[in-house]
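For reference, TrEMBL has these:
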TRANSMEM  D:7-26  transmembrane segment
TRANSMEM  D:32-51  transmembrane segment
TRANSMEM  D:58-79  transmembrane segment
DOMAIN    D:70-120  domain 'NADH-Ubiquinone oxidoreductase (complex I) chain 5 N-terminal'
TRANSMEM  D:85-107  transmembrane segment
TRANSMEM  D:119-137  transmembrane segment
DOMAIN    D:136-412  domain 'NADH:quinone oxidoreductase/Mrp antiporter transmembrane'
TRANSMEM  D:251-273  transmembrane segment
TRANSMEM  D:279-300  transmembrane segment
TRANSMEM  D:307-337  transmembrane segment
TRANSMEM  D:374-397  transmembrane segment
TRANSMEM  D:417-438  transmembrane segment
TRANSMEM  D:450-477  transmembrane segment
TRANSMEM  D:667-684  transmembrane segment
Amino acid sequence: MTAAQFAALSPLVVLAIAAVAAMMLVPLARIEAAQAAAGAGLALAAGLVLLRVGAPAAPLGALFTDDGLARFGIAYACLASLGALIFLRTGVPAKEAPALLVLVALGAATLAGAGHAATLFLGIEIVSLSLIALFAFRLSRQGLEAAYKFLVMSGLASSALLLGVALIYAETGALDFVGWTGHGALAALGTALLLAGLAFKFSLAPFHMWTPDAFEASPASAAALAGVVSKAAVAIVLLRLFLTAHLPEPVWSSGLAALGAASVLVGNLLALRQPQLPRMLGYSTIAHSGYIALILASGAPRAAEAVLFYLGVYAPAMLGALCVSAALGRAPTLYDLHGLIKRRPLEAIALSLSLLSLAGLPAAGGFIGKLYLLHVLVDRGLWLLLAIVVAGASLGFFYYARFFTAPFLGQSHDEAEPLPRVDQGLLALCVILIVLFGVAPVVLIDVVRLALP
Amino acid sequence: MALIALILLPAVGGLIAFFIAGQGERERWVAIATFALMLVLLVAIVAGAPEGRWYAQVSYPWVPSFGISLDFAMDGLSASLIAISAGLGIISVMASWSEIRTQSGLFHASLCWTVAATIGVFLSFDLLIFAFFWEAMLVPAFTLIAVWGHGDREGAALKFLIFNAVAGFGLLAAAFALASMADHMTFNAFELAEMKLSTSVQVWMLLGFSLAFLVKLSVPPFHAWLPEAHTLAPTAGSILLAGVLLKTGAYGLFRFAPMLFPQGLAAVSPYGIALGAAGALYGGLVACGQNDAKRLVAYTSIAHMSIVLMGIAAGVHYALAGAAVEMIAHSFSASALFLLIGALYERTHTRDLRQLGGLQQIAPRFAAAFALFCSALLALPGTANFVGEALVVVGIFQVNWVFALLALSTLIVSVIYATRLLKGLVFGQPRPNAPLADLNWREYWPVLVMSLATLVIGLYPQSLLALLEPAIKAALVLPLP
Amino acid sequence: MTGSDLIGMMILAAGLFAIGVFGVLARRGIMFQLIALEVALSGPALGFVAAGAYHADPQGQGMFILVLTLAAAEVAVGLALFLRIRRTAGSDDSDIISGMKG
Amino acid sequence: MASLLPFVPVPALIGFLVLSLMPVALSRTVVIALGVGAAVLPAILFAPVAVSCLEGGCVAGAAVPILSIDVGVFVAQIAMSLDPLSMVTGGTVALVAALVLIYSGAYMASEPLPDLRRYFALMNLFLAGMLAVVFAADVILLFLGWETIGLCSFMLIAFYTKLPKAVSAGRKALITTRVADAFLLAGLMMLFLSAGTTRLDGMLAAVPAMDPWRLAPIAGLIALGALGKSAQFPFHTWLPSAMAGPTPVSALLHSATMVAAGVILLARLAPLFAAAPEISAMVAMLGILTAAAGALIALIQTDVKKLLAFSTMSQIGFMVLALGLGAPAVALAHFAIHAAFKSLLFLSAGVMSHASGGSTAIEALRGARYRQPWAFWSFAIGAASLAGLPVITAGWYSKEAVLAAVWSSGPCGVPLWLLAATAAMLTGAYAFRVVFVAGSQSADLAAPPWGGAAVMVPLGVLTFVAVVGGLSVGALIGFTGGAPEHIPLLPTLLGAAAPILGVVLARQLVRHPRELERVAHRLRHVRAFRIEILYYYYFVRRFRTIATVLGNADGTEAAAQAAALRRESIDAPGLAADDPLGRAFGGEAAQPDFIARATDGQTPVVRLVSGDPVGRILIVVARVFVGSFVARFSPDQIDRGWMGFAGSFGHAWEQARRLQTGRVRDHSLWIALGCAALLLYAWGTSWR
């Protein structure tokens with residue numbers, strides 16, 4: 001274990017220790033101590049990764065690759081999980097939430113660096129199991145229902161993924177991504193199943209059924225983890241497969257294109273008249289996964305940069321929206337949002353800006369994200385997909401408009417207690433990030449350029 | 001640098017108005033000061049302008065990897081449109097002095113931000129920045145309608161937002177397709193203009209671009225958002241919508257269609273003229289059947305904007321000059337009518353032509369103002385509208401006299417709805433024991449300024465035509481004179 | 001281990017996977033659905049062993065063990081959920097717990 | 001003094017600006033003084049210009065440029081023409097306008113101050129516009145003036161804004177003339193495009209070079225435009241209802257000057273029409289048709305102003321006939337003389353009706369000879385001049401010139417002459433019918449003597465012109481470039497006999513009114529007329545409902561409400577109100593006789609014929625077009641289309657939402673289907 005190898009793995013080690021510490025602290029001390037330990041662990045891991053930016057890649061064998069993409073993935077997972085930790089409501093009997101949250105971050109970090117089937121499967125299972133526990137975290141009827149459904153469906157998806165990997169393994173004789181080059185029938189079938197398994201985690205249609213229930217029933221931070229952290233990790237795995245593995249081209253690109261197009265249409269259509277904010281956000285994550293899948297499916301030279309940029313812009317918007325949703329109580333509807341600007345100006349502006357960014361309107365990061373998406377599609381001349389994206393964005397524009405205009409209209413109704421200081425800090429950070437990426441996208445583009453080879 | 005200041009000034013003005021919105025009229029005066037300052041800055045730029053077409057030009061790289069740069073330029077056409085936007089800004093603040101009571105800080109901020117975004121549209125020559133301001137213009141305009149409108153204002157505002165934003169996505173996609181066809185990716189309109197594209201590609205690109213412009217120009221069948229948006233918006237909202245926002249569609253078509261796709265426009269020109277003529281006739285006929293005064297004026301805007309489309313699609317020099325003059329004339333006549341109907345609504349709380357009437361006896365100033373602007377509606381010679389429409393019709397006579405006769409028929413339909421409006425409001429018996437205060441100073445002076453402008457341009461169009469000449473020459477497509 | 005044997009084993013693995021999926025779809029009992037999940041997961045496990053044997057590569061068996069352990073972990077969480085759902089929903093029928101629609 | 005010409009209309013324009021825009025309040029006398037002064041000043045300014053022109057200063061085609069507008073591609077030059085034609089017409093307009101304004105100073109004195117101020121402002125604006133039309137040497141100034149007088153006529157007809165009938169009459173006038181203006185604009189534009197310049201003389205110079213197939217549409221369109229303004233046949237419906245305006249307005253606008261604007265334009269563009277013979281023939285036909293029809297309808301009018309309106313229409317028919325036959329000078333001469341005696345008739349009729357309580361029915365004028373001797377005798381002399389009694393009246397000389405032109409205008413001259421002569425005879429008849437009624441005895445003689453210098457002076461001057469003016473007809477024709485026709489003795493004698501015959505016929509009609517009633521009664525039972533009534537009754541009733549529905553676009557319940565309103569015979573607002581037929585079909589309380597209810601008690605023949613049947617049919621046809629066509633547009637179908645399209649997404653969401661059943665097994669089914677689809681696709685592609 002040379003010093004470089006240890007430094008490369010140190011973020012994962014730190015996360016593991018933090019998870020164990022958070023679990024140990026629960027019976028011994030109050031919940032806040034566990035939350036602090038989790039936060040410290042996440043922050044330390046993120047710090048360690050950021051220190052190694054630009055350092056040469058340490059040779060870690062096939063299981064884990066330590067390149068720029070992995071570092072971007074780990075840093076992204078840690079920071080997003082830290083954000084989710086902030087608006088984690090801890091007033092519930094079960095106190096293991098912070099520990100589970102760190103475990104999800106750990107799983108996402110392993111996925112980010114995964115270069116071998118084993119680490120891929122390990123990472124997916126860690127994320128899935130922790131998410132199941134987090135969905136059932138409130139022990140409410142709906143929470144248990146969402147957790148159970150997620151369990152059954154992720155079990156099926158994982159077995160499909162494994163069968164796919166087994167078939168590719170049978171064809172190519174290799175389990176690490178680099179070795180996966182084969183054009184036989186087995187490889188094609190294996191790729192299809194692999195794609196199905198990953199598409200489930202990525203909540204692409206028709207594997208998207210779990211997302212709306214998870215967003216509605218589970219606490220907002222669990223939804224944030226599922227919607228942002230795990231989605232980003234899977235996106236990075238897809239990107240790595242796209243960059244390194246040479247799986248049969250037709251299955252891979254047109255499969256992803258079909259799934260992406262389906263999820264853009266389904267996600268936007270089903271969110272059209274949703275009265276509830278979290279459920280609407282659930283459907284919009286499906287749509288955004290669709291957009292990212294389309295970027296990957298296009299296979300344009302700048303697709304990788306586009307994916308990372310889109311993820312970078314997507315995180316603050318989704319975290320901001322979910323934090324406001326958490327602040328407004330169990331499952332806020334359009335009715336609760338009326339007149340929010342008068343009672344809670346910061347939440348109203350944060351929610352509106354996040355939804356503006358998700359909708360892709362100018363003056364918000366999402367606009368440049370959509371820019372990349374259009375550029376990639378136009379570059380490869382995929383006119384049909386372009387039409388679908390424009391149609392999806394237009395549909396999407398309707399339901400986002402309903403929600404981001406609600407706070408300014410009508411009279412406010414109830415008096416909810418003010419948001420704790422740290423949550424307001426997070427919202428302010430999200431607002432600043434959204435506007436920064438909207439007005440000066442060069443900042444994020446350079447970060448993304450750094451991460452890519 | 002002055003051009004960027006021209007955009008930032010209303011933006012910052014809006015912010016100041018938003019934050020100092022307390023009791024009293026502070027934020028109203030801030031808004032008026034902002035618009036006045038803009039006019040002064042504009043005059044300074046035009047006065048100090050070097051020889052040649054462009055009064056000022058500036059370019060800053062924004063996202064070099066995509067070839068997006070903030071390049072703004074101002075010539076005669078954009079200068080006059082910006083002057084109108086600032087002027088209408090002042091007039092809308094004065095018009096809503098007593099009408100807007102709740103959240104007046106946010107109201108004046110949205111006014112300033114709408115004007116800021118439209119000026120961004122009038123100045124930007126980078127297609128993406130153009131699309132950026134095109135979409136940014138919608139959000140403050142939306143709040144103007146949604147928060148301070150009447151009746152089902154949310155529905156109308158949402159309809160406005162969705163129509164224009166979806167068209168905006170079309171514009172974005174078309175801009176992208178065009179930019180990526182250049183060898184090194186760039187959005188600069190001048191560089192893209194040099195690109196030699198085949199006619200069929202140009203036609204497709206033109207359709208992508210003109211979708212957004214036609215929706216904003218509200219030419220039937222894309223006009224469905226305009227009647228509700230104009231009728232249910234507050235007075236200031238209607239003035240800005242009619243006077244400024246409609247012009248961005250016309251400006252976009254006038255500037256970019258001939259510059260980027262000359263052959264495409266020539267190929268599509270007959271269909272454009274036909275669409276314009278049909279739209280003008282449709283708008284006029286529907287206006288004849290309306291009973292709500294504001295809705296009637298909204299449909300007349302649709303008819304006038306279709307005439308502008310005809311002018312631009314014809315592509316000959318007369319028609320383009322006519323289209324440009326008609327754009328500016330319509331700003332004056334539509335805004336003045338909305339101001340007057342809004343003032344009438346404030347006093348009588350009804351816009352129904354069957355209940356109003358008899359202004360002749362009780363409010364002579366109202367009657368005189370309505371008479372002048374109704375005659376502008378029916379394009380009476382001596383008003384700027386006639387100069388615009390006559391030049392467009394002469395231009396179209398050169399291209400195809402069948403369409404010209406169709407265009408003339410809109411002149412006849414315009415008489416019917418103009419006299420209907422006049423009969424409903426000015427003539428007839430006033431309602432018994434309903435005292436009506438005549439125009440106060442806040443409403444009298446803007447109407448006077450606008451009527452003077454209409455008459456001056458009407459009687460001596462030379463003043464405006466000289467200003468617009470370079471922009472018209474640049475937009476010439478067909479080899480005809 | 002010839003190519004045709006490999007194909008045969010792979011077909012068997014796929015068969016097991018199919019049975020597992022069908023089990024989840026056909027039966028409404030939560031306990032039975034968990035059992036079906038186990039059968040579904042055993043399919044790929046067999047596939048890994050067969051592929052490893054065909055390529056004479058120990059990694060196959062390594063993956064087999066990994067699959068088994070994680071399947072066990074999953075079932076453990078599943079059973080815990082099963083107990084909790086039976087107490088709150090009062091029945092072990094998976095169709096009853098479908099509160100969230102649309 | 002030619003440079004003075006552009007300043008002639010300026011005082012009238014200043015009068016308008018001061019009276020309408022000056023925010024300061026003016027007293028009654030100041031308003032009247034300002035209004036009348038601003039109208040008289042142009043006549044005074046015009047005198048020196050006319051004198052210099054008479055000394056040979058003006059030759060055809062001379063022009064005084066005012067300003068030029070550079071429209072990028074070419075320079076448009078606005079100028080006023082200084083040729084005999086504009087001298088004659090300008091002089092007439094200025095003189096008649098000055099006199100009518102002086103008269104209205106007294107006539108309108110009883111109006112409230114704001115209305116009075118508006119009246120004088122609009123009359124001055126009209127005078128400025130009319131002078132612009134008359135003097136214009138280029139198309140832009142011509143059309144500017146043309147539309148201004150159109151707008152002023154709308155505003156002045158609707159001067160009594162409280163009367164819905166006046167407002168709708170004004171509106172009808174504006175819409176009809178506006179339709180004609182559109183044709184005129186089209187014609188002028190095509191002429192401009194082919195000639196390349198906006199100057200009239202430049203255009204006329206380019207006419208010979210143009211090929212005939214392009215020239216015909218241009219001439220046709222311009223002719224239609226001009227005839228519309230002059231209330232000739234297809235566009236004549238607005239003139240009778242335009243009598244709803246005050247009498248001085250009818251005197252100045254709708255008899256002397258505005259309606260003749262079309263004639264002046266056709267005279268100025270005479271070379272263009274000379275080059276298009278078939279269009280001139282059409283114009284001539286329309287002219288003679290209007291002349292004859294107008295005279296016939298005027299014969300049975302019961303209202304003196306309507307009678308004079310139809311008489312104006314028929315006299316202008318004569319002028320148009322002369323123009324069509326290629327004798328512009330004769331037409332202009334007739335215009336000048338006609339302006340004088342027709343305004344005299346209107347003004348004196350105004351005085352007589354003013355004395356008899358303001359009603360303009362002919363019966364009310366009975367006995368005016370003893371109440372208002374001065375007004376009655378001026379009316380009689382005007383009527384004589386209108387009828388064209390030989391030698392002693394000016395009307396005879398100008399009408400004789402027209403008949404001579406008709407007689408010697410080529411092959412079909414003689415039949416045309418016969419028709420024109422009968423029209424002249426009928427003119428004599430209707431003119432003198434009023435004179436005899438007004439001259440007969442009547443009971444109440446105690447009307448207050450009304451008038452004063454402001455009334456007497458104009459009447460005196462006009463009477464003088466109406467009698468002595470004849471001598472100048474020959475000079476006028478020569479001056480404006482026409483050659484006096486020498487026709488054989490017989491047609492001149494017959495021409496002279498026609499008006500005398502008309503007077504005898506008028507005597508008969510007045511002495512035995514009952515014959516007319518008896519003839520009418522016998523006709524009533526004739527099957528032909530009965531169907532007419534049924535068709536008319538049904539036809540109009542159905543479209544009144546459409547008109548009320550159109551009036552309020554909110555659909556059915558508004559129509560029902562409007563119908564209910566009408567049942568209590570309150571006038572439903574919207575288009576239904578401005579029905580020129582009056583509320584004949586208001587459906588008052590029980591009317592015993594079915595036909596009587598249909599025709600408001602008067603005998604059908606008189607009722608039908610007296611109301612200018614052609615006009616009514618045109619109105620109903622227009623109503624049908626507007627009603628059925630526009631009604632289809634009012635709820636804006638495209639807007640409904642878009643809302644339907646948006647609604648469809650709502651339904652799509654409804655269906656898609658049902659897929660999300662919430663049961664684990666259904667969700668897992670979707671996963672299985674997804675895997676199956678991907679596998680199938682992969683297996684398919686792996687074959688390649």
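Yeah, the Cβs are placed from backbone N, Cα and C, and that goes for glycine too.
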Residue distribution over DSSP helix, strand and coil in the domain 'NADH-Ubiquinone oxidoreductase (complex I) chain 5 N-terminal' (D:70-120): 35 helix, 8 strand, 8 coil
Contact call for the transmembrane segment (D:374-397) and the transmembrane segment (D:32-51): at least 3 Cβ pairs under 8 Å, seq gap 6+: no
Contact yes or no, the transmembrane segment (D:119-137) and the transmembrane segment (D:7-26), 3+ Cβ pairs under 8 Å, gap 6+: yes
Within-chain partners of the transmembrane segment (D:417-438) [C-beta distance under 8 Å, separation at least 6 from its ends]: 288, 291-292, 295-296, 298-299, 301, 304, 307, 311, 314-315, 317-318, 321, 352, 362-363, 365-369, 376, 379-380, 383-384, 386-389, 399, 402-403, 406-407, 491, 494-495, 498-503, 505-507, 509-510
Contact yes or no, the transmembrane segment (D:307-337) and the transmembrane segment (D:85-107), 3+ Cβ pairs under 8 Å, gap 6+: yes
Proximity verdict for the transmembrane segment (D:450-477) and the transmembrane segment (D:32-51), three or more C-beta pairs under 8 Å: no
Beyond the flanks of the transmembrane segment (D:279-300) by 6 or more, those residues with Cβ under 8 Å of it: 216, 219-220, 223, 227, 232-234, 236, 266, 273, 307, 310-311, 313-326, 416, 419-420, 422-423, 426-427, 429-430, 433, 509, 516, 606, 609-610, 612, 614
Among the ranges D:7-26, D:32-51, D:667-684, the one whose Cβ pairs under 8 Å to the transmembrane segment (D:85-107) are most numerous: D:32-51
Long-range environment of the transmembrane segment (D:32-51) - Cβ separation under 8 angstroms, sequence gap at least 6: 1-2, 4-5, 7-9, 11-12, 14-16, 18-19, 26, 82, 87, 90-91, 94-95, 97-98, 101-102, 105, 109, 116, 119-121, 123-124, 127, 131
Cβ contacts under 8 Å made by the transmembrane segment (D:7-26) with residues that lie 6+ beyond its boundaries: 34-35, 37-39, 41-42, 45-46, 49, 90, 94, 117-118, 120-122, 124-125, 127-128, 131-132, 135
Overall pLDDT of the domain 'NADH-Ubiquinone oxidoreductase (complex I) chain 5 N-terminal' (D:70-120), taken as the mean: 83
